[in-house]
There are 2 protein chains.
Amino acid sequence: MQMWRTLLAILSAFLCFGAPNQAYAEDGYDLWLRYAPLDSGYRATVAPHVAQIVAATGNPQVDAAADELARGLTGMVGRAPARATTAPVEGAVLLATAGSPLLAGVALPFERLGKEGYVVRSATIAGKRVTIVAGNSGQGVLYGAFRLLKLIQTRQPIAALDIVDAPKLQVRVLNHWDNLSRSIERGYAGLSLWDWQKLPHYKDPRYTDYARANASIGINATVLNNVNANADILTPEYLHKVAALAEVFRPWGIRVYLTARFSAPIEIGGLKTADPLDPAVAAWWKAKVDEIYGIIPDFGGFVVKANSEGQPGPNDYNRSHAEGANMMADALAPHGGVMMWRAFVYAAENAEDRHKQAYTEFKPLDGKFRDNVLVQVKNGAIDFQPREPFHPLFGAMPRTPLMMEFQITKEYLGFATHLAYLGTMWEEVLQADTFRPARGNTVAKVIETPVDAGAATGMAGVANIGNDRNWSGSQFDQANWYAFGRFAWDPQARAKDIAQDWAAMTWGPGAAAPIVDMMMASREAVVDYMTPLGLGHLMATGHHYGPGPWVSDLARPEWNPVYYHKADAAGIGFDRTRTGSDALGQYAPQLVARWGNLKTVPDSLLLWFHHVPWDHRMASGRSLWDELVTRYDTGVGAVTAMQGQWQGLQGKVDPVRWAEVRDFLSIQHDEAQWWRDASVAYFQSIAKRPLPAGHAPPPHDLDWYKAIKNPHAPGQAE
Amino acid sequence: MQMWRTLLAILSAFLCFGAPNQAYAEDGYDLWLRYAPLDSGYRATVAPHVAQIVAATGNPQVDAAADELARGLTGMVGRAPARATTAPVEGAVLLATAGSPLLAGVALPFERLGKEGYVVRSATIAGKRVTIVAGNSGQGVLYGAFRLLKLIQTRQPIAALDIVDAPKLQVRVLNHWDNLSRSIERGYAGLSLWDWQKLPHYKDPRYTDYARANASIGINATVLNNVNANADILTPEYLHKVAALAEVFRPWGIRVYLTARFSAPIEIGGLKTADPLDPAVAAWWKAKVDEIYGIIPDFGGFVVKANSEGQPGPNDYNRSHAEGANMMADALAPHGGVMMWRAFVYAAENAEDRHKQAYTEFKPLDGKFRDNVLVQVKNGAIDFQPREPFHPLFGAMPRTPLMMEFQITKEYLGFATHLAYLGTMWEEVLQADTFRPARGNTVAKVIETPVDAGAATGMAGVANIGNDRNWSGSQFDQANWYAFGRFAWDPQARAKDIAQDWAAMTWGPGAAAPIVDMMMASREAVVDYMTPLGLGHLMATGHHYGPGPWVSDLARPEWNPVYYHKADAAGIGFDRTRTGSDALGQYAPQLVARWGNLKTVPDSLLLWFHHVPWDHRMASGRSLWDELVTRYDTGVGAVTAMQGQWQGLQGKVDPVRWAEVRDFLSIQHDEAQWWRDASVAYFQSIAKRPLPAGHAPPPHDLDWYKAIKNPHAPGQAE
């Protein structure tokens with residue numbers, strides 16, 4: 001009975017003091033790193049292989065890897081593994097860089113790992129079965145540790161591992177469109193994480209969790225501030241704040257980048273010009289870059305948005321983008337810095353189809369950029385629409401390092417409340433064949449193949465992260481952050497695999513299958529209820545919240561939705577073939593042939609490239625008008641279907657997150673209906689045709705929809 | 001051994017599955033409602049008295065009280081109490097309203113409780129020892145339940161209770177200066193809690209925790225939006241969002257109020273005028289108010305900031321504030337609504353000392369306001385400075401319901417990072433003797449005494465709450481939210497008692513004593529390093545972040561710090577005696593005599609009322625100049641002392657919150673030094689006197705301090 005009493009006392013003490021005082025509901029803060037307890041059957045297969053973590057200390061990334069492994073295993077296996085720096089026991093996990101004495105006698109393929117790759121291998125060393133996690137750098141070890149954790153999180157066997165992996169792109173970078181005021185342009189997840197006023201003294205513990213999450217998916221770089229840049233970030237006061245963040249991120253293998261306002265030499269440098277060919281300007285940038293590296297030794301480099309939407313740039317001085325980019329790249333080169341130069345440009349007084357302008361401007365510059373310049377090209381030529389064909393620059397600049405820019409934040413896909421998994425969209429773009437120089441050169445291959453030995457590669461994602469408790473504004477938008485990291489690591493990855501991993505880690509393996517089904521269909525639903533059949537850019541003005549297909553009064557033609565859909569009594573769509581703007585001509589001949597022909601263009605791009613009569617007969621057998629209405633209703637119906645699928649998960653996932661998703665789906669459904677009703681009402685006023693049978697008329701007249709204003713919509717520019 | 005194995009299995013299951021996956025660090029989210037486990041000795045005295053919670057269900061506030069008691073007791077005692085609706089057992093807690101059968105045979109002083117008061121009494125009913133928590137309303141029961149929880153949180157004996165308490169003010173209201181964009185004017189804790197875009201569909205669980213926290217300190221009202229108002233809040237779309245919040249708050253006894261833009265009849269009503277005497281305007285407001293009550297049956301009423309800092313108001317139509325307020329009050333009266341009308345007015349083209357203008361404008365209106373109008377008067381006549389004398393309107397309008405307006409958010413006291421407990425400031429104001437009509441009528445008495453039987457009473461606090469995880473932007477600013485609630489409940493409360501309760505509940509009883517010491521000295525430290533000896537309004541322009549005593553170029557004289565300190569070669573300070581602006585003449589003759597005389601005016605108000613020669617001999621024996629410098633250094637030294645006290649608490653409070661406070665104190669110290677150095681440099685340039693011995697010269701010259709700009713400081717107006 002003595003033992004009984006002792007044990008009861010222990011249990012009682014644990015219940016009363018060891019346990020948390022309050023029930024901490026899951027709220028999404030832990031992202032895909034929940035490390036939830038394993039079921040006992042699987043746990044029994046794991047525990048013998050994670051008895052101990054052995055790592056020589058001193059390398060910050062290896063230390064971070066060991067800490068993270070300990071954290072994850074404690075959560076999943078239920079006890080903290082032993083820690084050691086030498087002398088592995090049976091079942092140890094060895095974390096080691098090449099040359100470590102821990103690996104003596106084991107041949108590992110370090111030559112295949114590059115700087116950041118890793119091997120995870122089951123082995124026997126000195127008679128002990130161990131699991132090796134090794135790389136050429138601490139960063140590789142860190143990624144390997146996250147891989148081992150993922151294997152366990154997704155319930156894979158770990159007894160006989162032999163995994164070799166390495167990232168296919170060098171710069172895997174988030175672009176935060178965060179202002180120094182902490183507002184976020186196109187942000188739907190609260191304020192900027194960066195609390196500038198309290199930096200550098202106070203480093204919010206959340207900065208570390210941000211870095212952990214990024215490291216777990218291979219992101220190795222972050223641009224802290226908005227591409228619509230404020231030069232103040234380059235002043236010493238702010239650079240010391242930036243350095244404090246860089247210090248937090250360093251053990252997690254993340255380098256800090258900043259956007260540079262092209263006119264900074266004037267605004268904070270006291271010069272009269274920012275002309276890139278003026279020696280004083282080049283000298284200013286060189287001195288500024290040297291100053292930055294003095295404060296942040298592993299600073300990554302700059303991003304510049306130049307001569308675009310009102311930003312200053314080299315064109316202001318009749319210099320080319322290459323002249324501007326190279327001047328700044330030369331300042332960065334001695335430090336190993338990278339210059340990311342955005343190709344998202346369209347001119348204020350240019351009547352040319354906006355679709356064509358970036359190509360027109362940049363294609364002639366092919367081969368003229370320094371090797372440490374990455375020209376950052378959006379996935380499509382317009383602007384992050386629910387669907388666009390891939391940007392014609394991909395494949396068209398074979399001598400220029402091009403990097404992909406995806407938008408993780410859903411500026412055009414329903415903000416935070418619409419469930420829209422972007423993995424399928426990104427896979428569609430990355431797997432698109434550019435046919436340049438020949439069949440098979442997909443966009444993925446274009447960006448992952450360095451243009452020469454020293455050239456950079458990369459992928460940028462416009463972040464959807466803010467200080468909301470769940471980071472991304474919704475539970476499901478976490479999946480887009482996650483997927484971006486996975487595609488940046490491997491542009492050949494598949495959206496469904498990524499969704500499966502994310503769902504299993506974030507919601508639990510038991511709930512993953514129906515969640516993956518929801519995710520895989522979700523983006524097409526948005527396309528259908530917002531911009532079906534190749535329509536695009538029909539959103540309301542400025543904030544892009546809700547439908548505005550009727551808008552025609554903005555100062556510049558290409559700001560108006562009517563510019564994009566061109567609906568009239570005869571039909572709808574933008575003729576971008578040779579009879580129209582010939583933007584299509586910027587693509588390879590095979591695509592010109594396929595997309596230029598009404599018989600072979602896919603429905604999904606029909607109105608992107610063609611002005612099509614309302615009575616045009618579609619593959620479905622319906623007229624274009626009937627098909628359009630049908631697609632709108634299909635989109636709404638797909639949201640209804642998701643609501644049903646989610647209802648089926650009640651009780652199978654935690655209640656707080658479940659309820660949030662349920663409520664967000666309800667918002668999405670209402671807004672999908674709003675999109676459908678407003679769009680149908682508007683297009684019907686032009687097509688002047690009856691709705692197809694079985695499709696309900698919009699409940700209000702067109703003026704009612706036009707009168708809806710949302711002046712306080714989130715995410716607006718400063 | 002069988003039992004052993006069973007128990008081990010239970011323990012193991014609990015460790016692996018019942019426990020949280022990750023160690024949830026305390027981060028301040030739980031505020032003063034942490035309900036941390038009790039030590040076993042005290043727990044043993046509590047447990048027998050909280051064996052069961054008995055409450056008839058159906059009353060939402062009683063249900064909330066029961067749920068909160070269960071939550072708190074589960075956390076503190078370590079097990080959930082039984083719940084029942086009848087049949088109390090030994091040790092039950094009875095929650096009941098007057099007339100409940102549960103109370104049969106017990107005489108309770110319901111006549112002393114009013115609508116919201118409570119009794120908490122130990123009693124024996126049908127042979128069972130029970131604790132009664134009773135009130136005339138569910139709201140009283142709710143407050144009583146929180147009182148019982150506080151007794152346990154602060155380790156009081158609960159075996160023999162007989163507590164009767166009731167609030168002394170009717171409307172205990174937070175004013176959120178939250179914009180519809182979710183930015184917060186003078187907010188330093190993130191975005192507005194109100195996520196308007198997602199309302200009414202999605203009700204963040206945090207809304208409930210907000211309501212719980214407020215209910216726990218007796219706050220019964222909240223104004224959701226900024227006094228610099230946007231009329232959109234009064235449109236049906238927003239009213240339905242407001243209704244969703246009202247629904248969440250209702251069980252916690254909190255009514256929703258809105259600010260009303262005086263020109264709303266023009267902006268959203270389509271009228272040509274907002275003239276309060278125009279029948280169409282009055283009819284519009286009546287219809288709007290009826291509409292609101294149709295959507296929110298327990299709507300509280302309006303707050304209006306009129307003819308102040310650019311806001312529209314009745315003066316635009318040559319009508320008085322009373323005419324404006326009464327028109328809207330008449331619309332509210334049939335529904336029991338309250339009209340809170342701010343007295344913070346100063347005219348654009350008025351050369352009169354700003355100190356005098358509110359009094360000049362409002363005093364003649366005494367007796368002209370409806371009974372359901374509360375004229376909302378800031379604690380001082382200028383604007384929430386670190387120290388001001390009480391506002392001369394208190395005591396001067398005996399026939400007008402006046403309510404106090406305190407500013408909880410620290411616009412002028414260092415934003416979120418400076419530790420400044422405002423309880424001492426508020427006690428100082430509330431205990432100030434107005435001498436009107438005679439000695440002893442303190443400000444507290446003025447506001448708690450209804451001017452007639454039907455008149456309203458109240459206290460407003462400008463909230464410091466945002467969506468930061470810790471609610472208030474810092475751990476210690478939670479104390480100001482807490483203290484406001486306590487003073488609104490009882491204006492005669494004492495700052496030290498409140499600090500003790502807050503510290504014990506928020507940091508644990510063991511850490512409370514040194515924390516209370518820090519708090520009690522903290523506001524005087526801010527006064528000393530920012531605006532000692534009765535100086536005021538010396539902050540930098542617009543954002544009020546940091547020192548700007550030299551600023552003299554703003555459009556209106558009273559916006560400039562030089563207007564307030566009037567330093568010149570002869571001396572420093574604002575002569576508000578009869579030889580100057582005679583603002584002092586707005587106070588009672590006893591105060592005119594005391595404060596108007598250099599011999600009797602306290603040091604703390606010296607320069608508020610007098611222009612004093614630099615060589616004036618102070619009570620300390622020092623010259624004014626030497627005293628001024630000494631005070632600045634005293635303020636900085638006080639922060640250094642707080643840093644030392646906090647260092648002593650390492651390991652005695654949880655590490656995450658401890659580290660945050662440590663870092664914030666470091667920011668405060670740097671900024672106190674900045675204030676001191678900049679102010680000393682500036683005033684020395686005018687006084688042209690050497691620093692007293694032992695006081696270091698500022699490390700930079702005056703121009704260096706003048707050059708500091710903070711364009712991205714938080715909390716700026718839209």
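Any Cβ shown, glycine's included, is placed from N, Cα and C.
Keep in mind that TrEMBL annotations are predicted by a computer and have not been checked by a curator.
Quick look at what TrEMBL lists:
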SIGNAL    B:1-25  signal peptide
DOMAIN    B:31-148  domain 'Alpha glucuronidase N-terminal'
DOMAIN    B:152-471  domain 'Glycosyl hydrolase family 67 catalytic'
ACT_SITE  B:GLU309  active site, proton donor
ACT_SITE  B:ASP383  active site, proton acceptor
ACT_SITE  B:GLU411  active site, proton acceptor
DOMAIN    B:473-694  domain 'Glycosyl hydrolase family 67 C-terminal'
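TrEMBL feature annotations superimposed on the structure.
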residue: B:GLU309; record: active site, proton donor; Cβ contacts under 8 Å, 6 or more apart: B:ASN228
residue: B:ASP383; record: active site, proton acceptor; Cβ contacts under 8 Å, 6 or more apart: B:PHE344, B:TYR412, B:HIS537
residue: B:GLU411; record: active site, proton acceptor; Cβ contacts under 8 Å, 6 or more apart: B:ARG186, B:PHE384, B:HIS544, B:GLY715
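Note: the domain 'Alpha glucuronidase N-terminal' (B:31-148) comprises 45 helix, 29 strand, 44 coil (DSSP; helix = H, G, I, strand = E, B). Per-residue pLDDT, averaged over the domain 'Alpha glucuronidase N-terminal' (B:31-148), rounds to 96. The secondary structure of B:ASP383 (active site, proton acceptor), as reduced to three states from DSSP, is coil rather than helix or strand.
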